[in-house]
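Engineer: What follows is a single structure, and I will ask about it in a moment.
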C-alpha cells in the first residue's frame, strides 16, 4: 500500500528533511503519481503562482545595482523588494513564485524566509541567460553541469523550494526536437546529484511551449522511461485562453484530454494571454475546477512586473508599487477559487511508479533519441587533457577557436567531440570544455600525421605537450569512454564514437597516399557537424544570449 511506501521513503529521507529550513511554515512538497502533495499531511498541492523576475532575458534595469558585470537580476537576492512585494502575493492568494535565473553567489536567506512565512514556494530555473542549453546547437557539458549543481547547492536547504526547471522552451518546434535529449540528460543528472548529495528529494522538471505539432510527443518524452531518467514534473507555457472564452472553446478541454494519462504532475508554467487588456483571467475558475485539477496541478501567471511586453500585474518604480487592472482582476479571480483536493490516502502503491513508453522517432515531427548524452565528467576530461601530446596553445584567444575547429575538422573526423541528439550518438569528449575538445582534435590530427612536428603547429596555435601522460587510466563515471550513455526507454541507436579515450585517431585513411602538402587524406567530418561545432564555439565565446 502507498502508506508503507511513504513510511519507507520518509524514513530514508528523514535526515535530509530535518535540515530543511522553514519547514514549519512551508513543509516540503513531494511528487506522487501525477500530483504534488504536502509531505506533512498528504493533501494535494495546487500551484497558485506568479512569474517573479525583472529583466529575466539578461538586461539590467536601472537602479537595481551598479554592478556592470551582472547579467540578470535575481529577485531572491533583493530583500527590500521581497518585503515590498510579499503583501501583493498574499492578497492574491499566491503560493508559488517562478524565478528564471538564480545567482548562486548571492544570499537568499532573507527572501526565502519572507516568502516561507507567507506560505510561498519557489520553483526556479537552473540556467541563466548565457549559460543554458541552446536549442540550435544543444550540448550538455561541464559548464552547464557546474552551473546547475551550483544553483541546487545554494537552494536545496530551503523547504519552500518546490522544484527546479532544467530547461524552458529549449525545443520549440519540429526542427529542434533533438535538443530535448540534452535537457532530459540534465534532468537525469540533477536528480542523481540531489540523491547522491543526500539532499531532500527536490523535483526536477521541464517547461515547454505549446506547439501543436510536438506538444503531445514532448510531454510523453519527458515523462517516459525509467524513474531515474524521466522528469519529475512537466510545465506548459499556455496562452490559449484569451479574453472571454470557455473550457471547450479555449482549447483547454483538448489539452486536458491530450495529457490525461501523463504519469507526472503537469501544470501551466506560464499562462495569461494579453491579446486583450486588461486581462480578465476568467480561465482561473476553470483551471482550478474539477474539470482540470485531476490532470493539472494549477499554474503560474505571467508575470508580476510590467515591462515592455505588457504582461505585468503591477508597475514598480523604486519602492513604489502600483497595481494594474490586470492585478485587480487576477486577485479577484484567485480569491474565488475553492478547488477539490486529492489525498495520498487514496493512492495505491503502483501510482508512485507508473511510467510511459517513449514516443518513437519515425514521425517527422519528433526526432529526440531515447539514448541520452552522458554525464559530464570533469575528472575524465582532465585526465584526457593531460594525456594529449598536441594541444591548443595557451595564448590562443577563445574567439579564434571556431576557425581552428573549422580547419582541423576539415582534415579529420571530429565525431569524438560532437553530439547528436537525434541519433543518440555522443563523442567521448563531447561534454568537455571547448579548450579540451579543441586540443583533443588537434592531437587526433597530430597522431594521424605520424607525429610530424609540422602537424602540431597551426601557425603557432598548437604546441607539443612534453608532459603528456598515458591515458589508459582515463575512465568516465558514466561509461562514456566506450561511447555509452543512458537510455530512457524505447529503442534508439546506441551512442558510439570512432575515437578512443587517448585521442588517437581511428578515422579511415586512403591507401597510404597523401596530398601535395604532406597531409594524409583522412575521413572528413560532415559539413553539418562541422558547422554545428563552429557555431557552438562561436556562440560560447561571443556570449550569445539564448533561450533559458
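Placement of Cβ uses the backbone N, Cα and C atoms for every residue, glycine included.
Sharing the features that Swiss-Prot gives for it:
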type	residues	note
DISULFID	82-111	disulfide bond
DISULFID	224-358	disulfide bond
DISULFID	242-273	disulfide bond
DISULFID	381-432	disulfide bond
DISULFID	390-456	disulfide bond
DISULFID	409-414	disulfide bond
CARBOHYD	41	N-linked glycosylation site
CARBOHYD	173	N-linked glycosylation site
CARBOHYD	261	N-linked glycosylation site
LIPID	517	GPI-anchor amidated serine
REGION	483-518	region 'Disordered'
SIGNAL	1-20	signal peptide
Engineer: Have a look around residue 224 (disulfide bond) and count the other CB atoms within 10 A of its CB, chains all included.
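Structural biologist: So the Cβ neighbour count for residue 224 (disulfide bond) comes to 23.
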Engineer: Can you tell which of the recorded positions 41, 261, 358, 414, 456 lies nearest to residue 82 (disulfide bond) in space, using Cα positions?
Structural biologist: 41
Engineer: Cα of residue 273 (disulfide bond) to Cα of residue 409 (disulfide bond): how many Å, rounded?
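Structural biologist: Given the Cα positions, residue 273 (disulfide bond) is 47 Å from residue 409 (disulfide bond).
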Engineer: Between the disulfide-bonded residues 111, 381, 390, 432, which lies closest to residue 224 (disulfide bond), Cα to Cα?
Structural biologist: 432
Engineer: Among the glycosylation sites 41, 173, 261, which residue has the fewest other Cβ atoms within 10 Å of its own Cβ?
Structural biologist: 41
Engineer: Test of understanding: give the count of other CB atoms lying within 10 angstroms of the CB of residue 414 (disulfide bond).
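Structural biologist: Result for residue 414 (disulfide bond): 29 other Cβ atoms within 10 Å.
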Engineer: Where residue 390 (disulfide bond) and residue 111 (disulfide bond) are concerned, what is their Cα separation in Å, rounded?
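Structural biologist: With distance taken Cα to Cα, residue 111 (disulfide bond) is 50 Å from residue 390 (disulfide bond).
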Engineer: If you skip the near sequence neighbours and keep only those at least six away, which residues in the chain come within under 8 angstroms of residue 432 (disulfide bond), Cβ to Cβ?
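Structural biologist: Correct list: 141, 142, 376, 380, 381, 384, 385, 417, 440.
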Engineer: Please report the DSSP secondary structure of residue 390 (disulfide bond), reduced to three states.
Structural biologist: strand
Engineer: List the Cα distance (Å, whole number) between residue 173 (N-linked glycosylation site) and residue 111 (disulfide bond).
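Structural biologist: That comes out at 37 Å between the alpha carbons.
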Engineer: I need the most crowded of these disulfide-bonded residues: 111, 456. Count other C-beta atoms within 10 angstroms of each C-beta and give me the top one.
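Structural biologist: For the disulfide-bonded residues 111, 456, the Cβ with the most other Cβ atoms within 10 Å is 111.
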Engineer: For the disulfide-bonded residues listed here (82, 242, 273, 358, 409), which one has the lowest count of neighbouring CB atoms within 10 Å of its own CB?
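Structural biologist: It is 242 that, of the disulfide-bonded residues 82, 242, 273, 358, 409, has the fewest other Cβ atoms within 10 Å.
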Engineer: Check the Cα-Cα distances from residue 409 (disulfide bond) to the recorded positions 41, 111, 242, 261, 456 and tell me which is shortest.
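Structural biologist: Checking each of 41, 111, 242, 261, 456 against residue 409 (disulfide bond), the shortest Cα distance is to 456.
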Engineer: For a quick check of packing: other C-beta atoms within 10 Å of the C-beta of residue 390 (disulfide bond), how many?
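Structural biologist: A 10 Å sphere around the Cβ of residue 390 (disulfide bond) contains 26 other Cβ atoms.
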Engineer: In whole Å, how far does the CA atom of residue 261 (N-linked glycosylation site) lie from that of residue 414 (disulfide bond)?
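Structural biologist: Cα-Cα, rounded: 42 Å.
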